[in-house]
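First comes the structure, then the notes that go with it.
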Amino acid sequence: MALTLKQFKNCRILRNHKIQKEDLWIRNGKIINPEKIFFDEKTKADIQIDCRNAIIAPGFIELQINGGFGYDFSYSDDTVAKGLLSHGVTSFCPTVVTSPKEIYHKVLRKIKKRAGNEDGANVLGIHVEGPFINVEKKGAHPDQYIRNFAMGFETVMETYGTLDDVTILTLAPELVNSCDVIKELVARDVVVSVGHSMGDLKHGEAAVSCGASFITHLFNAMLPFHHRDPGLVGLLASDKIPEGKTVYFGIISDGTHTHPAALRIAYRTHPNGLVLVTDAISALGLEEGKHTIGQFEVEIREGKAFVAGTNTLCGSIATMTECVKIFKEATGCSTEYALEAASLHPAQVLGISDKKGTLDFEADADFIFLNDDLDVLQTWIAGERVYFKPT
Amino acid sequence: MRLVILETSAYVAEWSAKYVMKRINDFKPGPDKLFVLGLPTGSTPYGMYQKLIEFYKAGKVSFKYVKTFNMDEYVNLPRDHPESYHYYMWNNFFKHIDIDPKNVHILDGNATDLVQECNDFEQKISEVGGIELFIGGIGPDGHIAFNEPGSSLVSRTRVKTLAQDTLEANARFFGNDISKVPKQALTVGVGTVMDAKEVMILITGTHKAFALYKAIEEGVNHMWTVSAFQQHPHTLMICDEDATLELRVKTVKYFKALSAVHHKLIEEDIPLEQYRTIH
């Protein structure tokens, strides 16, 4: 079946930043150039699929998700990986919040990068959010496990045990020794993100020049923008970014964590770096009530997630589809942009935009069918359908 | 020769597409009886392709049993270059219709042996019994395919070095950098097109008016290669009003007076055969 040549007809595909009337051809899990098939192989498609005018976009890539459907990643990632398919997410980075060393040693060995299929989305590697963060911006993270780089990179390895399947690491750039740690991490192909920080703009710029390239949930768990010291938010308009480098930033457009005006500010200031993340917690997809996140009890009230018994927000319970819709509505951006902010841009953060987050030829055939309201109708991974919305 | 004069270039596109459709449908092609079509590229036939796609999508015509031969292709231009004729044909026609890729023939300008490629092309045309309908456009200098002024009127498919005028005219498609314009092309010869059972030439726009005048009001001359078709038994020239500006009033009036006859050529319920006497 893998070598079956499939032609998706009667669709509009997102390619070259434009939704265009075009057929999509796939074979062997990859998107292929039909012109080559026509002139070189002189064959026609084995299967033609009528898409009924659906939009086909690259599958969503989720760089920050703590869990969902009752599970967080310190417990299990299978249920989440499967559940995400219905929300159009074809790849994700399971995110592990600040935890004790024993948990890291266990969990970071358990979660592996793996190819997706009908049992779940691709796992692109783990996002470790903490424990090297600022206790004053701990958010929902348990403060007793927050650490600093006392012994530099040695502390990092001692804490996590392994970085083999770690793809993104969030740290507070103001911590002593952070620059050396960032360099070590980047040398190991770990994307360093700044966040949960009291750092000012200089800390942010120093981190970027050491190799950091991402900002964790912009505006949340960092100093608010101030015109005399714009803080990490100022990285969006900094003139100290090395030539040719793009600093990306995650932003939670769940309608709660970031005000629509703040979404617009970020969008208009630095559109090329904007990455939609849900920061969803295990309560995603669950009823109102109490649930577990990391070492914490959380409580769902009125569609929002709080640290149980407090008014501190501790992550969203919005799906990526909802975030895309809310973002588009709030910023008035094009449909193309909203979709790419959840697909192409996160792939660029990870340096994999030749394979993921795109419908260009030779990319992985991970894509979604959407209607004009941007509801997910079908999800495909590696050229196989892994979800379809019941009609 | 017939000269069909139509109001606008849009109508030229529609008329020619209807004619092609009618020729295919009247032919009743099947697995053992392919309709062989010669095809041009360029801005003039673009509208015709658009219309043919529209007719195909409406279920009025199928290209399943149509075999095609394209007129020409640049030498040493990557096939996926937006100016390559492979790219043009794929994007503007073939990907939209039901043609079998095995029935499509375009000269390969990247072939290792270009002479062999040209000879094979001629061979393939003869093997299928010649071309039933060859469609062409012309350049402002009266060239058909890449048969530049001075080409032999009995030429066959071959490698052709392009005229300086053509390079300059084409520079706009290559970032206005003449050094990027391919210097050579493979092209069918005038003789190759002359061998087709019928030839339909599309001419639109004031910039082609002088060429049309040379094509039909003056004698056969290798400096205006399209004039060779004066000696073809079935030549159909389709032009818009703009293209007639250099013609004599007498010529235009004569052909316009025949327009009622010409329009019968594309009427769906009248078999073409009775109108296809030699003109």
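Cβ coordinates come from backbone N, Cα and C, glycine included.
Marked as active site, proton donor/acceptor by TrEMBL: A:Asp279. Cβ contacts within 10 Å of A:Asp279 (active site, proton donor/acceptor), excluding its own Cβ and spanning all protein chains shown: 29. DSSP assigns A:Asp279 (active site, proton donor/acceptor) to coil in the three-state reduction, outside any helix or strand.
Taking a C-beta cut-off of under 8 Å and a sequence gap of six or more, A:His196 (Zn(2+) binding site) has these contacts in its own chain: A:Glu129, A:Gly130, A:Ile133, A:Asn134, A:Lys137, A:Lys138, A:Gly139, A:His141, A:Thr170, A:Ala172, A:Thr216, A:Ala221, A:Met222. According to its DSSP assignment, A:His196 (Zn(2+) binding site) is coil. Residues annotated as Zn(2+) binding site in TrEMBL: A:Glu129, A:His196, A:His217.
The annotation substrate binding site is assigned in TrEMBL to A:Ala140, A:Asn220, A:Ala221, A:Arg228, A:His257, A:Leu313, A:Cys314, A:Gly315. According to DSSP, A:Ala221 (substrate binding site) sits in a coil region rather than a helix or strand.
As annotated by TrEMBL, domain 'Amidohydrolase-related' applies to A:55-386.
Taking the C-alpha positions, the distance from A:Asp279 (active site, proton donor/acceptor) to A:Gly315 (substrate binding site) comes to 6 Å. The Cβ neighbour count for A:His257 (substrate binding site), using a 10 Å radius and every protein chain shown, is 24. In sequence order, A:Gln64, A:Gly195, A:Gly250, A:Ile251, A:Ile252, A:His257, A:Val277, A:Asp279 are the residues near A:His217 (Zn(2+) binding site), counting only same-chain partners six or more apart with C-beta under 8 A. In terms of local Cβ density within 10 Å, A:Leu313 ranks first among the binding-site residues A:Arg228, A:Leu313. Its Cβ taken as reference, A:Ala221 (substrate binding site) is surrounded by 25 other Cβ atoms within 10 Å in the chains shown. Each of A:Gln64, A:Gly130, A:Ile133, A:Gly139, A:His141, A:Thr170, A:Ser193, A:Gly195, A:Thr216, A:Asn220, A:Ala221, A:Asp279 belongs to the same chain as A:Glu129, A:His196, A:His217, is absent from that list, and has a C-beta within 8 angstroms of the C-beta centroid marking the Zn(2+) site.
Counting Cβ atoms from all protein chains shown, A:Asn220 (substrate binding site) has 20 others lying within 10 Å of its own Cβ. Within 10 Å of the C-beta of A:Glu129 (Zn(2+) binding site) we count 28 further C-beta atoms, all protein chains included.
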